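Copied over from Swiss-Prot, here are the features:
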| type | residues | note |
| --- | --- | --- |
| BINDING | His117 | chlorophyll a ChlzD2 binding site |
| BINDING | Gln129, Asn142 | pheophytin a binding site |
| BINDING | His197 | chlorophyll a PD2 binding site |
| BINDING | His214, His268 | Fe cation binding site |
| BINDING | His214, Phe261 | plastoquinone binding site |
| TRANSMEM | 40-60 | transmembrane segment |
| TRANSMEM | 124-140 | transmembrane segment |
| TRANSMEM | 152-165 | transmembrane segment |
| TRANSMEM | 207-227 | transmembrane segment |
| TRANSMEM | 278-294 | transmembrane segment |
Amino acid sequence: MTIAVGRARQERGWFDIVDDWLKRDRFVFIGWSGLLLFPCAYLALGGWLTGTTFVTSWYTHGLASSYLEGCNFLTVAVSTPADSMGHSLLLLWGPEAQGDFTRWCQIGGLWTFVAFHGALGLIGFMLRQFEIARLVGVRPYNAIAFSAPIAVFVSVFLIYPLGQSSWFFAPSFGVAAIFRFLLFFQGFHNWTLNPFHMMGVAGVLGGALLCAIHGATVENTLYKDGEAASTFRAFEPTQAEETYSMVTANRYWSQIFGIAFSNKRWLHFFMLFVPVTGLWMSSIGVVGLALNLRAYDFISQETRAAEDPEFETFYTKNILLNEGIRAWMAPQDQPHERFEFPEEVLPRGNAL
């Protein structure tokens, strides 16, 4: 008698079949994350292209914002809903639009459509990096690094307006619209003097500096086995092997600064840490602005400048500029509020 020892073959369910199809080796990997990424990215990009091409902002901001109205690439935008809409999701079938697509576009429904699908698309892209890292067998630091721009997007476009009175105070999706939002942030929140913004700038510019230094150092220390060292003819662009010297790079920077990275792991972790931490700090700062937390205030300088016409600092100058932004921007930016500022309340510098 023959006895066969082994496990009984389990029946493959629908989950296994779908899993196999999603993870099949193809030119563009789909994966489970692709079920979130591709539809959301397609809808967000399509909504933005539709809005910038055809949809006006007359009913929400009193502005022209589409190619159809004569704007160019730098001035088109998908504008935020009107302040009166509050934090409504503005669903097409909701009480505001009532299934009317034209009305939905006019009241700013495309902005919430693009914002939420865009956020989900970015999250899907991060999950895609996690999924592929697991399948390939590498660490998920790419996905962790990508969490930084996701944090910035979510904090600026979603959390900040949730802390304010409506979606109206979020940035509209357009180049000039983002610039207007930056001026708004400075005038109403003194954003450049916020310590979290300072850390964000240090992280982004520090990351750019590290990237430039790293690339230049690798180019400087290239060599090719079997031939004389040459920076400019040291390698073929398609070669597989590494042909730069970490030892030489370490010696070079040790002579310049007195210190240098001792190994590639610490060097590349630092290049990851600096910009990612900077972006996360900036995101935390924006969450603080959603709660109307203040930046640095140097009251003693403001008090002395108010009492002494000859005393003025760059800080007090900036405070006056912020007051000017608020006074001149509010009537333009929020015409529905019908602000009126008499000339005597508009800010003036001490030299005027």
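Including glycine, each Cβ sits where the backbone N, Cα and C put it.
The structure displayed is predicted, hence computed values, not measured ones.
Note on proximity: among His117, His197, His214, Phe261, the binding-site residues of the record, the Cα nearest Asn142 (pheophytin a binding site) is that of His214.
DSSP assigns Gln129 (pheophytin a binding site) to a helix in the three-state reduction.
Note on proximity: among His117, Gln129, Phe261, the binding-site residues of the record, the Cα nearest His268 (Fe cation binding site) is that of Phe261. Between the C-alpha atoms of His214 (Fe cation binding site) and the residue listed as 'chlorophyll a ChlzD2 binding site', the distance comes to 36 Å. Within the same chain, residues 233-235, 243-246, 248-249, 252-253, 267, 270-271, 274-275, 278 sit at least 6 positions outside the transmembrane segment (207-227) and bring their C-beta atoms closer than 8 Å to a C-beta of that stretch. Counting neighbouring Cβ atoms within 10 Å of each of the binding-site residues (His117, His268), the lowest count belongs to His268. Comparing His117 (chlorophyll a ChlzD2 binding site) with Gln129 (pheophytin a binding site), their Cα atoms are 18 Å apart once rounded. Separating the Cα atoms of Phe261 (plastoquinone binding site) and the residue listed as 'chlorophyll a PD2 binding site' is a whole-number distance of 28 Å. A Cα-Cα distance of 28 Å separates His197 (chlorophyll a PD2 binding site) from Gln129 (pheophytin a binding site). The most crowded of the binding-site residues listed here (Gln129, Asn142) is Gln129, judged by how many other CB atoms sit within 10 Å of its own CB. Ranked by Cβ neighbours within 10 A across all protein chains shown, the binding-site residues His214, Phe261 are led by Phe261.
Cβ neighbour count for His197 (chlorophyll a PD2 binding site): 22 (other Cβ atoms within 10 Å of its Cβ, all protein chains included). Reduced to three states, the DSSP call for Phe261 (plastoquinone binding site) is coil.
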